[in-house]
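Engineer: There's a structure below that I have some questions on.
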Amino acid sequence: MTKKNLLVAGALLATLGAALIGGTSAKAAEGAPIPPAQEWSFSGAFGTFDRAQLQRGFKVYREVCSACHGLKYLSFRNLAQPGGPEFSEEQVKALAAEYQVTNATPNDEGEIFQRPGRPADRFPSPFANDAQAAYANGGKAPPDLSLMGKARTYERGFPLFIIDMFSQYQEQAPDYIHAIMTGYVEHPPEGFSGVAYNKYFLNNAIAMVQPLHDGQVEYPKNADGRAVVPETIDQYGKDVAAFLVWAADPHMEARKRLGMQAILFLIVMSGLMYFTKKKIWKRAHAEEHA
Amino acid sequence: MSHDFFPSYTPKSKLAKWFESRLPLLGFMHSAGVSFPVPRNLNYWWTSGVILCFMLVSQIVTGIFLAMFYTPHVDLAFSSVEHILRDVSYGWLIQPLHAVGASMFFLAVYVHIFRGLYYGSYKAPREILWILGVILYLLMMATAFLGYVLPWGQMSLWGATVITNFFSAIPGVGKTVVSYLWGGYAVGNPTLNRFFSLHFLLPFMICGVVILHVWALHVPGNNNPDGVEIKTKKDALPFHPYYTTKDFFAVFVFLILFAWFTFYMPRYLGHADNFIAADRSVTPAHIVPEWYFLPFYAILRAVTFQIPLGFYTIDSKLGGVIAMFGAIVVLAFLPWLNNSKVRSTKYRPLYKPFFWLFFLTCIILGWLGSKPTDGDWMIGSWHIVNYTTASQIFTLLYFAHFALLPIIGKIEKTKPLPDSIFEAVLKKNGSAKPAGSAELPNKTA
């Protein structure tokens, strides 16, 4: 009977599999190409952020992206928090002071005023409001980047979406961000009339011109005066994507760390409960064999 | 409850006697949770009930903490959820516990429902128990939908828009119903406020119905994999310690799965689009509900045609809504649609393949629900069928299952049932004695 059940289950799974795989290839055929998967230090159960990478990524954001894109859900102090880029308190204080921030409450004369930023302040957005941002950027407001690290994805399809449950692949957003950064095409196909052409953007017409170029952002140098990591679009793209993943999920490291402890505890508890149950049920089974 | 095989509670201390004579609470708890006779042959599918109780409590506890920090206002809701995730102590843990918890709750309820279907748990005398279960399922769906609107992301707004629009299909009163749901002329701040209020209310209604559900369970007692009732003491085991230990073990194993998603991939079961703040001027490319609603979403979209009744023509929208709600409501009629004398599918060779076909139909409907309606189902470059046509075929299969039940019951030649639960257990253990054997006792009791 068990054998027959197994056969039936097998046949069911095979039918289902064949049916769903079919669905996947249909999906891949339409729309933008799938962003290539990159290596990320933060993937998997033991993944942690690479501090140096987050710091470089923030540098790219500050020197390039921040001209148009806000980071409104982040405060300066977040940059010093454990599990992030972990800049020092002093660095963060100095950084915050470089920004002019609008005070939330009026002064004694009843006027809203500007003052140097403090670590507790949120990152000021580059535009006063979405309308101004859209007006200054050809009709489309550049999106805030705080949540980009979790607000973008692409369809995985069958069977990948099942494999992902076990492999914990969830880096669609950074893969996509990196793909967009590196996906600009210098000579778009004939007849294309958009602002810029990007291989990985939906319908290819992206309103942002290529933001990154090789050598644009200066990276730390070693004793010979050579950059420790390459100053290339590819590397900038990876670094800024990693930074944005942290920005979107700043407690990821704490969560994964606690997760390991929780799961180990649960496995031990399950084991103990299993043997408790087994011992208790021995009495019932003894009755059955009497 | 009619059986009292196992010793009931007798208060020993003076205080307990004093209390028990005024309110027999301990005796009630003892008879319901300790000495309650449970069939000794229950398998692990029967642990889903306790897992569901655990999930209900978990959702209420995490929900109450979230409500302390959440702000139900269209301008603040989205950022208040980010505030919980970023700044509130352990908010990064509580929020995913609640969001992933909803999925786990549904996973457990689907196991529970399919177990009931397979083992015919809905058949007499458990019809009320089953119907209360269908009501619980509907309440869960409503609660989950209302909850998904609260973070006020793009899927929240557009999901709310799509779902509330269903009600406009109701002839005559549709428009009025929708305006009461919205509290205005579109999904907006009043909608969010009342959804928050109702999302807080419904779980307590679920608790109330759960009490009735458990009560209705304790009158006839549990069904079991062999579908024969408890006859003698030998067929039963007291709930405690046998099923308490078994259930605890199952809950901990289930928690491993829950923890896996909560800690390692808290956003896997959701939609990336819901991390984009709600924006009325931008419609998402695909509006897709959460995974646990997908089969019903496919059924809703399968009705693309008008149904002329002569005196009234049902348009495709109303038709879809009727089909979708009908797909759930039909479950309540199962006790009467299934006229087989035998409960358990174990002993129903003709029904068994139909059960698995139904299971497969639900999975494929779920898959189709996640697809755009205008796409095509391909295997390689081989065009099978358009997604909409596929949804129609599988919707038909879904309902055909219920229509075929009485016919299957009539023509099926079922396998012989065991005389008792105890005998079924012996047979399974391979320790049943051959008929007419006269062994000497080898053990003293």
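Every residue gets a Cβ built from N, Cα and C, even glycine.
What TrEMBL lists as domain 'Cytochrome b/b6 N-terminal region profile' is B:15-226. The domain 'Cytochrome b/b6 C-terminal region profile' annotation in TrEMBL covers B:229-419. According to TrEMBL, the feature transmembrane segment maps to B:44-70, B:90-117, B:129-150, B:162-183, B:195-216, B:248-270, B:291-312, B:318-338, B:350-369, B:389-408.
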Engineer: Please give the sequence-distant neighbours of the transmembrane segment (B:162-183): residues at least 6 beyond its ends with Cβ less than 8 Å from one of its Cβ atoms.
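Structural biologist: For the transmembrane segment (B:162-183), the sequence-distant neighbours (Cβ-Cβ under 8 Å, at least 6 residues beyond its ends) are 145, 190-191, 193-194, 287, 289, 300, 312, 315, 317-318, 320-321, 324.
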Engineer: Give residue numbers and ranges for long-range contacts of the transmembrane segment (B:291-312): same chain, 6 or more residues beyond its ends, CB-CB under 8 A.
Structural biologist: 103, 106-107, 110, 141, 144-145, 166, 171, 269, 319-324, 327-328, 362-363, 365-370, 373, 388, 391-392, 394-395, 398
Engineer: Who are the chain neighbours of the transmembrane segment (B:248-270) in space, where the CB to CB distance is under 8 Å and they lie at least 6 residues beyond its ends?
Structural biologist: 44, 47, 50-51, 54, 93, 96-97, 99-101, 103-104, 108, 290-291
Engineer: State the residues, same chain only, that lie 6 or more residues beyond the ends of the transmembrane segment (B:318-338) and have a CB under 8 A from a CB inside it; answer 'none' if no residue qualifies.
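Structural biologist: Sequence-remote neighbours of the transmembrane segment (B:318-338) are 113, 117, 120, 122-124, 126-127, 130-131, 134, 137-138, 141, 166, 169-171, 295-297, 299-303, 305-307, 395, 398-399, 402, 405-406, 409.
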Engineer: Using a Cβ cut-off of under 8 Å, list the residues of the same chain at least 6 residues beyond the transmembrane segment (B:129-150) that approach it.
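Structural biologist: Tertiary neighbours of the transmembrane segment (B:129-150) are 63, 70, 72, 77, 81, 102, 105-106, 109, 112-113, 116, 121-122, 156-157, 159-160, 163, 191-192, 195-196, 198-199, 202-203, 205-206, 209-210, 212-213, 216-217, 220, 289-290, 292-293, 328-329, 331-332, 334-335.
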